Each structure stands twice: as C-alpha cells, then as structure tokens.
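Peer 1: Before we start, here is the structure in question, set down as structure tokens.
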Amino acid sequence: MATPVLDKVEAESAASPYITVTFRVRRFNPEVSAEAVWEDFQLDIDPKERVLDGLHKIKWEVDGTLTFRRSCAHGICGSDAMRINGKNRLACKTLIKDINPEKPITVEPIKGLTVLKDLVVDMEPFFQAYRDVMPFLITKDTNEPTRERLQTAEDRERFDDTTKCILCAACTSSCPVFWNDGQYFGPAAIVNAHRFIFDSRDEAGEQRLEILNDRDGVWRCRTTFNCTDACPRGIEVTKAIQEVKRALITRRY
Amino acid sequence: MKIHKYDTVIVGAGGAGMRAAIESTKRSRTAVLTKLYPTRSHTGAAQGGMAAALANVEEDNWEWHTFDTVKGGDYLVDQDAAEILAKEAIDSVLDLEKMGLPFNRTPDGTIDQRRFGGHSRNHGEAPVRRSCYAADRTGHMILQTLYQNCVKEGVEFFNEFYVLDQLITEVDGVKTSAGVVAYELATGEIHIFQAKAVIYASGGCGKFFRVTSNAHTLTGDGQAAVYRRGLPLEDMEFFQFHPTGIWRMGILLTEGARGEGGILRNKDGERFMEKYAPVMKDLASRDVVSRSIYTEIREGRGCGPEGDHVYLDLTHLPPEQLDAKLPDITEFARTYLGIEPYTDPIPIQPTAHYAMGGIPTNVEGEVLSDNTTVVPGLYAAGEVACVSVHGANRLGTNSLLDINVFGRRAGIAAAEYSQKAEYVELPENPASLVVEQIENLRSSTGTERVATLRRELQDTMDANVMVFRTEQTIKTAVEKIAELRERYKNVAIQDKGRRFNTDLLEAVELGNLLDLAEVMAVSALARKESRGGHYREDYPNRDDVNFMRHTMAYREVGADGTDSIRLDYKPVVQTRYQPMERKY
C-alpha cells in the first residue's frame, strides 16, 4: 500500500471553497516594450492560499512569461518582496483571504530599485548599501580565544530583533526618502549596522556609527514608520534606526 | 559566450558553498556561482540547531555523538567520516561563534544547547543536550553569518548564474574536472568557467516530492550535472521524511519543538510515540517517528475529518518559552493555519526533507568516479554530496554540522589543489550541450507543459516512494517516471526571451528532477530490505548480509543513444561499531 495521504488531500482540496480573484499585475519586459502595463488575470483559487500561489498559478497555467523571484515560499529566504495592494509584503507570507480578495489584488515590483522584468528589480544597490556598513563581527583581540566568547543572555537579547533580517528589501523600498534619493543607505543597511553596533562582542561600533553619520546616513530618516510596517519579520526597524541615532549623539551603545 | 578563468569555482552559495568560499578565497582566486542570491539559499530555512558535543550544559563527548550518528544512519554510515564529523563539530561551532553567530546563551554566557532527535548520552541511555542553537532560526543565523564573512573576505559572487553542465577532460585516461558551463539569468548569456578546481555545494533535490519542506529551487542541479557526465550517484534511495511538516503544505516545524518538550498526539490525545520508542519517545530518530505517524494514520487514529494527520502539541509549554525558543514556527502556525499554538495543537504530517544520498566523495570532499578513484579537481559538500555521514537516515542538527565541517574541508582541499595544479584543457565546443539544451527548449513546438509534468512527477513520488514502499509501488513510480521523461522531450515553454527567463529555468530544473527521481526509484527497487529512511513493507527487516553496502548508480548510454541506469555497490566503512538492532 502506498503512503496514505495524497488522495485524501486531493479530495478535500477539490471540495474546498474556491473563489474567483482578479490579480492585477504590473508587467514590464524591455525585450517587448519600453512601457510597463497592468494586466488582469482571473483565477479560481482557495483564499487560504498565498499570493505566491496565485502568481504560480498564473505562470504555470496561463502565462509562462510572468517573471518573479521566489524560493523558500514561507517567509525565510526574502526573495519575493513585492508591492501588494500598495503595501510591501512577501508574496509567500500573504494569504489571499487577508487582503480583501473581493477587489482586484494589485501586484507590483518594490519601488526605488530599477525594474528589470515584471516583478524583478535590480537588487545590487540594496546589497551595496548593506556591504557598506561593514556587516560582520570585528574584534581587536590578537589572540583568538580557544573557546567561545562569553556573552550574557541579556547582552545577546540587546540586538536580537535586528538579527532577524532576511535582506528582502521590503523596508528600504517602502521608504519615501529612499524613493527620492537612492544614495540613502536605507533602513535595511541601518538594521544590519545596528545588529553589530549593539553586539557586546563587536569592537567597531565607532567606525559603523561614523559611516552612518554621513549625509546619506541615518539622519535622512524621517521616522515615517513605513519600514516597520513593511518588515515581514516584525523587526521594529524605526526603533532600531532611532537607537543608532541616539548612539551617535551619546556615543553609548 | 564569455570565458572566465578562476583557480577555484564553487557552485552554490548556501552553507556549504559559503563555508568553502571563506577558506578557498583566502588561498586561491575563487568565484562562487549561485542561481539565487546567497542569502536566499535554503540553509536559511533550517531551524533547530547544529550538533556538537561542547558539553556546555551536561556531560557529553564526540564519541557518543559518533555512535548516535552511526546508529541514526542505521549502520550505513561510513564510520571514519562520522568520527571526523563529530570531532570537528566542536571547532566548527566555535568558529561560527567567532565569526559572529549569535547563539543562544546559558546563564554562564556559554553557547546554550538543547535536546534533539536521536542524540543521546552514553550510547542511547537518555536524550542529551547537544544541539547548539539560535532560537528556531539557527540556519538563518548560519547563512547570514557566513554571508557576512564572505563580504568580509571579499568573496567574488556571480549571482543568478545557473550552472548547467560539468566539463570533464580525460588526462592520461583519468576523468579530470575542467570547469563548468553557466547560464546568466539576467541576460540569457552562456558563460564558461574554466577552473582548476570545482566544488559542488548546490543543495538537495526535494522538489520531486509535492509535500516537502524544500524550496522551489531545490531541483538537484549539481547532482544531475555530474550524473549526466557519467559520474555515479550514491545511496539515492535514502530520502528523509521529517515528521513534522505543516499539514498539506510541508513547511518545516523544527524537531526542536519536541526538544523543548512538544508532544505528538493522535486523535484520542494519546502520546503514541511511547509505544514505538519507549526511551527516546518523541525524540526518536526521524525515520522512526515518521513511520509511527503513518502507522497511527493507517490504523485509524489520525486527526481531522479525513484522519490524515496528527497533532504537534505545544499547549503545555509556557508561552514565554515558545516566544523565546520557537518564535518562527509558532508564527508559521498562526500565518498559514490560523492556529494559536499557545492554546491549540498544530496539525502535522511527515514532509520530504533531505537527501541522504548524492555525489560520492571521500572525507576531503573529493568526488569519486567509482568506488575508489578520485576525479582530480572535482569536489562536493553539503546535501549535494554523500560522504557518507548520514547513511540511511540523517540525525537532526547533523546537516548544519555537515555543511560546516565538510564545506570547510572541501574549500581547503580544493584551493590547495588549485594552487598546485595546472589548468586542464577545455573539451572541444565546451558549451555545445548547454547551447543545444537551451535552444531546443526555446524553439520547441511541443505540447507538454512543465507544470503538468512536474505535478504528475510529484504526485507519483508522494504516492509511491515516500515513507512506505513496496516492489509494486516503486515499479509504478519507475514506469510513471519513464513516461514523464518521454513526454518531457515534447515539453514547450512560453517565454522565448533572453532576459530573466524563469520559464526556461523551470523547464531545465524539471529535467534534472526527472533524471534524479528515476535514479532514486531504481535504486530503491533494488534495495530489498528496510533501513533508515528506506522502508520496504515487503522486506520489513534490515538485511546486513546482502545490503550492508552503498548503492552506486551510473548513467549508461547505449549505442542507439538511449540511456539506462547501471547499479553497482560500494562497501561501508566500519571502524568501531558493529551493527546492532536499532531501538529508541
């Protein structure tokens, strides 16, 4: 006898309450046209499925040219940040039932980064800003300890929130300052600087703070909280930025 | 077509690839090719921890860890490799801490450790706290920390470069690695990377199952590339089904949930693992727990209207503990199931999780072209490889360990080799196979759709070669896969463009999955015994007389161009542990 689960899954999903949803997707393919256009797709889909499932349904059953990035499909890899109904979210972490499927669901690429094709944007400027904050542990000890460095649970907790970042760019590409000036480091880079500045083991906080003291640094933040709202990992991004600002003033961290 | 020349090329930028890159970049001019961005790799989805006998919280040592690994793998583990894994585990964890990994801490400030399936004190006496962890995000932290250190070391990445072919040149009659052929996703351009050493670290192939914890991108690209060039694949019949995937979706819920005290229950609320594993209970090895779950379901004690799942019960654990130790998986339950784990049990079912088999290597990461011969310049590490440290069933937390120990070893060995070796001449028309493959797909006027074939493949794999297998079910799968491979010749894509053609990519990936699924099924058919993750209802016992041996599968091409699989076998390396009956 075969592993006894598949047929039942089939049977039940066939009986599940499918609804008809319109996906209104922003299309752009410079091989075809210099203009971006909206295209509507009608789908019969279980509202408990993810927006990513809807996009796959389009790509796999209707139009194979629809192009987007995705990998893990459960909110860990950070590939599929998109602007869904005007808000930055991960397509794999957004259930259709939660975003008012009675109206057309709009799906666009994240803003502030060059669109390359459909929902795919150029991530290079985003990763460049990340690399610029020296996102790695820096210590000055000349002799490596033989065992692990000690860290109290309290010190570990101090930077826990910002270790959750998956570099999806939902925060940075939701920031009006970043839209207007791509030179701004953006929330994600600051979050990753925060992760090291407040790590008790790190000894390069001053250097990182100086980098963020730049004219394109942390002072550009206008505290609109878009980044915090957009973060699919629930990181308090604006708070982290505020903590970096405060550290710059007090030089205590 | 562009030609690049590097000392060392690494294929894949997950844990194994980046751990290798950190070593390799220090010693040789290295390029890392990944079909994603490094931080998208599926190492980031690993949750529960990384095993190492640090003995920070209770007595432990590497010998106990070695024994557990050998026993967990149902004695198919090469014991010399398992000993290296367990010994080097300690420095591997400490290296990551020094690189900045934010492990959870004990009250003393050392790395905290927790229990995990199959890890025991003193050869099976009781569970031991061996898993070093960072909440339920250990893989995420490892991936981020390794990427951070790649940035620090200036590792050169080629992002969204998809490796499609392995180049091999015969030097004095010996198959030698000459480089790889890659497809640049952004432009559709073909690139040749000539390299003295190539390391495959491209991950698993779980996408040939439907209910799986694997990412969409885990399509066995590395295994398929070397297999098509006549190199063997080892132990492909052994695939791990993780007991606790989210019902129907397959999303992983860490074994750490049971390590923290979570309990599996059937529809009567019974803690059924007490029947199957009286000592380790819910923390028996994964193959044992997955079979127990399906036994409960088959015998009518499954939950829900269809009786097709069981519950993972965390409701007796304090909410503070769930928030601190299991924040991500509790959020998955809320997001995808609308269930509050503080108060309600989570419906789960086994989910296809991990390939124990892969490209055969020795303990230096060197790839083998038969039971003993090394392919000069070719290396593999991580899930793509088979050392074999996992044997017939991998223990939880041993894969994050594997990628670090053997990623590091392969990185050092490959770079040292490429510092001594000369470039091998590229074969004539090195890109010809890839160009033909791509052009065939682009110009195909066929009628088959990639998504349809993939779905049918996944359905047959789920139904026929999952937790329980028989001669009949495996034969059904073999026949179906043969049909699908035939139909694949008639596959067509809609996107004919060059820019970010993911339609084309998915078609190539499906071809890889079909080849590997066939190897898996054919290997499983020939193994007429039950061992670890391979359970044959028609041969329910382990048979050490006839099957204490690794399967080696080779692709053979006949004179008429048709291909077939030839199976051979390789002895298991046994050092200190004699096979015993496996009880938990």
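Each residue, glycine too, has its Cβ placed from N, Cα and C.
So TrEMBL has the following annotated:
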DOMAIN    B:7-400  domain 'FAD-dependent oxidoreductase 2 FAD-binding'
BINDING   B:12-17, B:34-49, B:D221, B:E383, B:399-400  FAD binding site
MOD_RES   B:H42  tele-8alpha-FAD histidine
BINDING   B:H242, B:T254, B:H353, B:R394  substrate binding site
ACT_SITE  B:R286  active site, proton acceptor
COILED    B:467-494  coiled coil
Peer 1: Could you check which of these recorded positions, B:G12, B:A16, B:R40, B:H42, B:G44, sit within 10 Å of B:H242 (substrate binding site), going Cα to Cα?
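Peer 2: So the list reads none.
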Peer 1: Recorded positions B:L36, B:R40, B:H42, B:G44, B:H353: which sit with Cβ under 8 Å of a chain A Cβ?
Peer 2: B:L36, B:R40, B:H42, B:G44
Peer 1: Pick the one among the binding-site residues B:A16, B:L36 whose Cβ has the fewest other Cβ atoms within 10 Å in this structure.
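Peer 2: Selected from the binding-site residues B:A16, B:L36 on minimum Cβ neighbours within 10 Å: B:L36.
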Peer 1: Looking at Cβ-Cβ distances, which residues of the chain lie under 8 angstroms from B:G48 (FAD binding site) while being 6 or more apart from it?
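Peer 2: Set apart from B:G48 (FAD binding site) by at least 6 residues yet with Cβ under 8 Å, we have B:F116, B:S131, B:Y133, B:D136, B:T138, B:T254, B:E255, B:G256, B:G259, B:G396, B:T397.
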Peer 1: Any idea what DSSP makes of B:R394 (substrate binding site), helix, strand or coil?
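Peer 2: B:R394 (substrate binding site) sits in coil per DSSP, no helix or strand.
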Peer 1: Rounded to a whole angstrom, what is the C-alpha distance between B:R40 (FAD binding site) and B:H353 (substrate binding site)?
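Peer 2: Counting only the Cα atoms, the answer is 18 Å.
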Peer 1: If the substrate site is taken as the center of the Cβ atoms of B:H242, B:T254, B:H353, B:R394, which further residues of that chain fall within 8 Å of it by their Cβ?
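Peer 2: Close Cβ neighbours, site residues excluded: B:S213, B:Q240, B:P243, B:L252, B:E255, B:R286, B:Y354, B:G396, B:S399.
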Peer 1: Need this for a regression test: binding-site residues B:G12, B:L36, B:G44, B:R394, B:S399, filtered to those with Cα within 10 Å of the residue listed as 'active site, proton acceptor'. What's left?
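Peer 2: B:R394, listed in sequence order.
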Peer 1: Taking only C-alpha atoms and a 10 A limit, tell me which of B:G12, B:A16, B:L36, B:H42, B:G44 are near B:R394 (substrate binding site). These are the recorded positions.
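Peer 2: So far as Cα distances go, none of the recorded positions lies within 10 Å of B:R394 (substrate binding site).
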Peer 1: Tell me the Cβ contacts of B:S399 (FAD binding site) under 8 Å, same chain only and six or more apart in sequence, or just say none.
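Peer 2: The list for B:S399 (FAD binding site) reads B:A46, B:Y354, B:G382, B:E383, B:H390, given in order along the sequence.
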Peer 1: Let me know how many other Cβ atoms fall within 10 Å of the Cβ of the residue listed as 'tele-8alpha-FAD histidine'.
Peer 2: 25
Peer 1: Neighbour count, 10 Å Cβ-Cβ cut-off, for the residue listed as 'active site, proton acceptor': what number do you get?
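Peer 2: That number is 25.
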